[in-house]
Amino acid sequence: MLLKLKLVLDSSVFIQGLDIEGYTTPKVVDEVKDRESRILLESLISSGKVKVVEPSKEALRAVKNAALKTGEIEELSEADLEVLALAYELKAEVFSDDYNVQNVARILGLKFRTLKRGIKKVIKWQYVCIGCGRKFKEMPPGGICPDCGSPVKLIPRRQRS
């Protein structure tokens, strides 16, 4: 039986100790390790308040494509990707304090809730060598520029007016 409430929860919800109804994913369950948070999560699952659902491959693919566009694919954990994919699939709201998750949620047209302050605008990121300025679609091996040997950093893309 699916819940009427369409809220997909990430691990921060359980770590903060919220008694809440919604959905979560297997990877989020795996992420919750501390004893008190684990007890809360297991109690919410056994009471039926929280349903654990695995997102479809199609939804995961859509989320990964959006994360590639924003440049955040390397910053999102498998649990983050699952949370976004499940919310995308269920047309649900995401409950997360993770700015990267919020950013990709907004790109996907998903609403989100936070325990703290959320993002104000979408930021697209890119990998840039701090030495020669070369731009990369993904982090080069070891985080080092193959051209000049300098470190590569993730920075916001400049907004065009």
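Every residue, even glycine, has its Cβ placed from backbone N, Cα and C.
Of all ranges given (16-51, 124-159), Swiss-Prot attaches the label region 'Zinc ribbon' to 124-159. The feature region 'Flexible linker', as given by Swiss-Prot for the ranges 10-15, 64-69, 94-99, 118-123, sits at 118-123.
Proximity of CYS148 (Zn(2+) binding site) to non-local residues of its own chain (separation of 6 or more, Cβ distance below 8 Å) is seen for CYS129, GLY131, CYS132, ARG134, given in sequence order. DSSP assigns CYS129 (Zn(2+) binding site) to a strand. Same-chain neighbours of the Zn(2+) site beyond CYS129, CYS132, CYS145, CYS148, judged by a C-beta within 8 angstroms of the site's C-beta center, are, in sequence order, ILE130, GLY131, GLY133, ARG134, PRO146, ASP147, GLY149, SER150, VAL152.
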